[in-house]
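Taken from TrEMBL, the feature compositional bias 'Low complexity' covers A:8-25, A:178-188. The compositional bias 'Basic and acidic residues' feature in TrEMBL is assigned to A:165-177. The domain 'SKP1 component POZ' annotation in TrEMBL covers A:38-96. Look at TrEMBL and you will find A:127-170 tagged as domain 'SKP1 component dimerisation'. TrEMBL lists A:1-25, A:160-188 with the feature region 'Disordered'.
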Amino acid sequence: MSSTEQGTSSAAPAEPTTAPESAAAPEVPESFYYVHGKDKVVHKVSAGALQHSALIHGMISNLGYTEEQAKANPFPFENIDGDILQMVVDWCNQHKGKPTPPEDTNLPKQKEKLFDLVLAVNYLEIKELLTYCCKQVAMMVKGKSPEEIREIWMIPTDAEDEAAEKEAKKRAGKEAAGETAAAAGDAK
Amino acid sequence: MPIALLKFPTDLLGDIFKLCDPFQLYCLSKCSKRTQRSIQLGGTKKWKLSFRGRNAIVASLDGLHYNFGGTEDPDEYFETQKNWRFDNYMTIPFGEPFDVFFGFLGIFRIVEELDVAFGSFEQFSKAIRELIDRHIEIERIWIGCTPKVEKVDKLMPILNQLNITQKFSCLKKFPSEFRHQFDKYPNRILLHHSFWFNISQLLECTCDRIDLRESILSNQDMDMFFQKWKRPGSFPNLRWLHIAGENIDDKSSILEIIPPILNVNNPRVEVADRLYKHDNIVDPVRITKADGTEGWLKVELGSWPELKFLVLNPIAPNT
């Protein structure tokens with residue numbers, strides 16, 4: 001794993017802040033965890049921000065890591081691209097401890113990343129962000145004809161689907177034949 | 001920037017489809033057979049269809065209506081508009097209305113209302129079979145007084161096999177030899193020219209609202225009904241009963257009272273259903289079931305004899 005440690009782009013502090021002396025009760029220092037995606041770049045995220053993700057929240061509940069242990073054991077999400085994980089982390093930080101509004105203007109705008117973002121958010125079980133993303137996907141085809149929808153959502157025609165299916169069957173048949181031949185060779 | 005929608009897992013597709021309106025879902029279903037299957041597997045919001053046998057279909061939910069109307073001009077296909085009549089309207093290629101309806105059933109799984117109004121007996125019987133085979137839930141069936149469909153009486157046994165949940169309305173006058181027995185009752189029935197609905201059927205009826213017009217039910221029948229109603233546990237669903245018919249008269253008693261039956265005391269009392277406020281009775285007589293349930297009865301004679309019965313406590317006593 002890369003040793004690069006990257007602070008989040010949001011207002012989340014790099015280190016836990018100390019409670020002001022004048023406070024009536026001492027504040028419990030915020031705990032932080034570390035996550036990385038496919039690019040191995042580590043993101044430091046507060047437990048509060050991570051609460052948005054049902055998956056991560058479930059993982060860290062009752063973990064009781066010290067700062068050192070958390071640093072030494074970042075959660076690996078090898079199926080998520082680094083830039084997508086960064087977007088997700090940013091969103092979680094921006095919405096830390098806040099009720100999420102019905103329309104989210106902080107939603108990442110890059111349409112080209114939307115597909116991967118939706119998959120990542122779905123995997124990480126971030127319900128509100130998933131709803132926003134799905135809404136954005138649905139809005140892509142608002143008022144569009146079937147032909148336009150086919151282009152926007154990259155939907156193959158029936159003929160293309162049939163051809164792809166035939167090709168897949170042919171390939172599977174060849175692979176099976178190859179395996180049989182190999183097995184026969186081994187038997188000899 | 002396009003995205004490969006069909007590469008999403010099915011549950012995610014369902015999340016997206018639930019955010020799509022009926023126009024989007026319809027157009028998506030026209031993209032390919034695979035998108036049709038994806039919509040079926042992923043699921044949508046519970047949009048409900050209304051169909052009358054003509055080239056118009058409505059998908060509705062929570063007061064939102066999406067109207068689909070036929071056009072023969074390909075330039076107008078999939079055009080959406082708002083006009084004086086409809087908030088949401090899309091023109092689509094229609095062809096044979098029943099085939100279009102069957103296509104819609106592949107996307108939307110609930111029929112809010114099937115109106116037996118236009119089309120042939122054969123078309124409707126085929127449509128009903130299709131609904132039965134696909135286990136489609138039908139909320140309401142409406143048969144108007146002058147449907148353009150012939151032999152509607154012959155459709156009734158087939159309609160009986162449908163899963164009708166909310167209301168069955170039939171205003172059509174059937175031939176005098178017509179007989180029909182419901183296999184299963186929806187919540188409400190409204191039957192005009194209900195000569196075929198006899199006391200045996202009323203005694204077995206499980207509806208919460210029963211409205212029988214031009215009924216043959218007599219005072220003796222109604223006395224029998226109320227004797228049964230008074231028994232604990234009988235007619236647990238019944239809230240409203242309205243019978244209009246010439247056999248309600250002053251020749252014999254209902255619950256030992258010769259009609260008319262009404263409360264002539266002051267202060268006057270009006271009872272009304274909380275949900276269906278038009279189902280109300282002024283000056284009814286209270287009758288009580290053995291288990292303490294209260295019902296309110298009024299029988300009026302004159303040119304249009306009618307019996308109204310509401311199972312509810314009064315909500316608006318008038319003084």
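Every residue, even glycine, has its Cβ placed from backbone N, Cα and C.
A TrEMBL annotation is a machine prediction, not a hand-curated record.
Worth saying up front: this structure is predicted, and the values here are computed from it rather than measured.
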Counting by DSSP, what is the helix, strand and coil composition of the region 'Disordered' (A:160-188)?
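So the counts come to 28 helix, 0 strand, 1 coil.
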Quickly jot the same-chain residues contacting the compositional bias 'Basic and acidic residues' (A:165-177) by Cβ under 8 Å, restricted to those at least six beyond its ends, or write none.
none
With DSSP as the reference, give the number of residues of the domain 'SKP1 component POZ' (A:38-96) in helix, strand and coil.
30 helix, 7 strand, 22 coil
